[in-house]
Amino acid sequence: MPKTAKPKKPVDVAELTKAQAKVEWKRLALELEVHDRLYYQDDAPKISDAEYDELRRRFNAIETRFPELVSSESPSQKVGASPSGRFKKVRHAVPMLSLDNAFAEEDVRDFVGRIARFLKLADDRIDFSAEPKIDGLSMSLRYEGGELVTAATRGDGAEGEDVTANIRTLKDVPQKLHGRNWPDVCEVRGEVYMTKQAFLALNERQKEAGDTIFANPRNSAAGSLRQKDPAITASRPLGFFAYAWGEISGTPPAETQTGMIKWFEQCGFTTNPLTRLCHSVEELIAFHRSIEEQRAELDYDIDGVVYKVDRIDWQERLGFVSRTPRWAIAHKFPAERAMTVLKDIEIQVGRTGSLTPVGKLEPVGVGGVIVQNVTLHNEDYIKGIGNKGEVLREGRDIRIGDTVVIQRAGDVIPQVVDVVIDKRPAQARPFHLPKTCPCPLHTDVVREETATGEEGSRARCTGEFACPYQKIEHLKLFASRRAFDIDGLGEKQIAFFFEQGWVKEPADIFTLQKRNAGLKLEEIEGYGETSVRNLFNAIDARREIALERFIYALGMRHVGETTALALARGYGSWDAFHEACLKVAAGDEEAIAEMDALDQIGDTVIKSVAAYFAEDHNRGIVERLTQEVKILDAEKPKRHSPIATKTVVFTGTLEKMTRDEAKATAERLGAKVSGSVSKKTDYVVAGPGAGSKLKEAQKHGVQVLTEDEWLQLIAE
């Protein structure tokens, strides 16, 4: 038997070449974009918190080493995901940002050290507010004249969803602030959550009624709050902890974070009773250990603790870095684990033909959730080899019949992190990926190639649109919230129409009403005249669609939402994009070069676009679809700052702010701050003592500003 090649360790970020970094940056950016959408908008995460955090850490490390890769579309510059469209949008007066994470005690020490250096203080002179990190749905409540006027989810940090009617049903949210002398405008922020006991009771009722079972309290809280009918929300026992604020007119009611928490209580809000004031790093770490010990006994889910600089004036001085405040951090807990038996491995076929092994488990409770299924990713993962060739589980393979260790960190689909070899039965069966697709056609299965042309770890059915499993997944994507977003046409309805032969391709959706005289949908159980009329109205409402949504809805491999947006902005209109795609498919070198020059577009996407439009079948699908819909031109990105997208270098001594404060301000306004001067530099801000960088600026003809000129520029 030939020897298996030894898996390679992942390349350290410090050893990546610029070309390698660019490829991995694009891949990670797309992954993070998808997972942010699944978590924040769909309430349906597909990876664990630990997996997500690892993706984010590596992505941030690449951007730190190669800052030229950072763009306005980078996940590092965003928070959460855009509002879904099911509710009216609300723009936050003050953005709702996310937090950086600490995973080890050393990370906490570094966090405190950075703050002390920024403020030029000793570590022991800084007090911190410490509180449990509630695993729920972030919310902003706006009060005007003491009356609740708007409640909005976090969304993408800039815009959220208006859930005011639903929030009014929560007993923890006062309709009118208690007391008197409140600010004219006050935004109270916090977390909507569901207790573990309420979650279990709700799932029991859902099960008895034959309705959807929620995976965990966080998903149940999010799903309960984001209901169209407030009566449903009112029937769900939701709580709210207040812990922060957004816009406040005039002077804040307190000078410290802990003072604001007390003020929230006076106004009628519930705050977390475990919140503490800590005076040192040691006290922060002791608080983390104490809360972790209490975690299992708490009646609500938490996934860590949060530390915040207590003095509000220091918070304001520290400011923000990209999508996170510099003055706060989340100290996460390790993921929860359990052991169970892997009973079987089944194959699922995805939209692009990818074959994914799914492990069927002996049901086991992990963190309050009963887990029965687990993704096993691909054949290499099962063999103990990672995506980049690294060794997993010390090389131990996973076999049917094995006792496995399951890890869950607040997610829906957990992961196998280890195999208990001592418990492996003699009859345990190694897994071998089938050579043909499990679809009725049994078409051949091939391994996908990597970006370097090597055989990859993922297998794919070669049936393309002939494979019914792929066809139906394409249609589900087309009608999904992030594509055409057709209300009333969910996955179950798509599957039913497909099985009946009524919808075989996207254009069929828009001809349903014409064909309904023969189909008679209203006579089908579960429909009726009103629901059919509503469905047809919803379909008609989507006959106009944004270019980026249309491109995404085509379901081309490697063309997710971010890539679709980049293509839409690059070409501007459907006609221009369509013409370019046909030329790329025909091998036109000029068209290929033009597409390659677009931001975030590389060889993998170009090959995918070419392959898609080279197929007669696909071109026919597109042609028939464009006869039914109107595709709107792409909107140009808005630039609100005079220094947005500009590259700035600071040199010399700044007298009105620290260097860190100047850098933070520039980045907050959309500029890129560099440590060296080149021809691509737009501004050099020079203070007393400016040396070689000032000379370089003069050499390259870069505009040089004094500190006062800089402050005047950014004030415009």
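For all residues, glycine too, the Cβ spot is worked out from N, Cα and C.
Residues Cys437, Cys439, Cys461 are recorded by Swiss-Prot as Zn(2+) binders, and the candidate that the same record lists for that site, out of Cys467, Cys581, is Cys467.
Report note: the Zn(2+) site is defined by Cys437, Cys439, Cys461, Cys467, and the residues of the same chain whose CB lies within 8 Å of the CB centroid of those residues, excluding them, are Val349, Gly353, Thr436, Pro438, Leu441, His442, Thr443, Thr462, Gly463, Pro468, Tyr469, Gln470. Each of the binding-site residues Leu99, Cys437, Cys461 was scored by how many other Cβ atoms lie within 10 Å of its Cβ, and the smallest score goes to Leu99.
Each of the binding-site residues Cys439, Cys467 was assessed for Cβ neighbours inside 10 Å, and the highest tally belongs to Cys467. Calculated from their C-alpha atoms, the gap between Lys308 (NAD(+) binding site) and Cys467 (Zn(2+) binding site) amounts to 53 Å. Nearest Cα neighbour of Arg154 (NAD(+) binding site) among the listed recorded positions (Lys133, Cys439, Cys461): Lys133.
A straight line from the CA of Cys461 (Zn(2+) binding site) to the CA of Asp53 (NAD(+) binding site) spans 31 Å.
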